[in-house]
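What follows is a short report on a single structure.
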Amino acid sequence: MATKITGVFILILTITFSSSSAVTATQQAPSSSPPVLTCTEELVMFSPCLPYVSSPPNNMSETPDPICCSVFTSSVHSSTGNCLCYLLRQPMILGFPLDRSRLISLSQICTDQNSEESFESLCSVSESPELPPLQSIQFTNPFVSGNNVSASPQSVDLAPEVSPSSDLFSPETATLAPPPPPPPLPVLQYFSSDSLKIRNFWFPSTIIMTFATSILARI
């Protein structure tokens, strides 16, 4: 009797454990699926295609890289495939210009479709009237052509603060300098009344003597 009870108990534990394992496996299955990329992440993942789709002087490649084709194909066929339409509608979204014709050609080069307008038709207003929301991104252009660095989001340099120069007036540091001396007064010649009388006397006397001398000289 005890043996039968033990066997039934073991059977119940086995069934319970099997049911718990099945429920746990069912609950863990959805978590193994890869997360869906956001629109911003789709554009960042598109970076291997930039050497091909960038406008001069950033067009460093004449053919797209195999990684570019893989990223483009997976992005176009994903649920957020129209995120790449930002590249066609806003060519300067990454901070530097993109070649529209090369963007459209990726449909023919990287996919099995023969239609060159497949990517363009996907991004048309009729197919994608509204694009998914896009978070703000700052995409740095990694390409350099010759000695010129390609256009990239610029950092704003703030002008340095101007320190007060030594010749500016400062109430705290200014010292009062003595005023300049007044200009010298003009020198005036003063004469006493006696000397003025003598000068007035000699002046007509001289004229008379000169006039008398000239008369005597004529006689």
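Just so you know, the numbers here start at 1 and follow the chain as drawn.
For all residues, glycine too, the Cβ spot is worked out from N, Cα and C.
Note that the structure is predicted; figures quoted are calculated from it, not measured.
Database features (Swiss-Prot):
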SIGNAL    1-22  signal peptide
DISULFID  Cys39-Cys85  disulfide bond
DISULFID  Cys49-Cys68  disulfide bond
CARBOHYD  Asn59  N-linked glycosylation site
DISULFID  Cys69-Cys110  disulfide bond
DISULFID  Cys83-Cys123  disulfide bond
CARBOHYD  Asn148  N-linked glycosylation site
REGION    152-181  region 'Disordered'
LIPID     Ser192  GPI-anchor amidated serine
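Sequence features annotated in Swiss-Prot and their locations in the structure.
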residue: Cys49; record: disulfide bond; Cβ contacts under 8 Å, 6 or more apart: Pro64, Asp65, Cys68, Val71, Phe72, Leu106
residue: Asn59; record: N-linked glycosylation site; Cβ contacts under 8 Å, 6 or more apart: Pro51, Tyr52, Val53, Asp99, Arg102
residue: Cys69; record: disulfide bond; Cβ contacts under 8 Å, 6 or more apart: Leu106, Ile109, Cys110
residue: Cys83; record: disulfide bond; Cβ contacts under 8 Å, 6 or more apart: Cys39, Glu42, Leu43, Ser75, Leu131, Pro132, Leu134
residue: Cys85; record: disulfide bond; Cβ contacts under 8 Å, 6 or more apart: Leu122, Cys123, Ser128, Leu131
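DSSP assigns Asn59 (N-linked glycosylation site) to coil in the three-state reduction, outside any helix or strand. Annotation note: Cys83 (disulfide bond) sits in a helical segment as assigned by DSSP. According to its DSSP assignment, Cys69 (disulfide bond) is helical.
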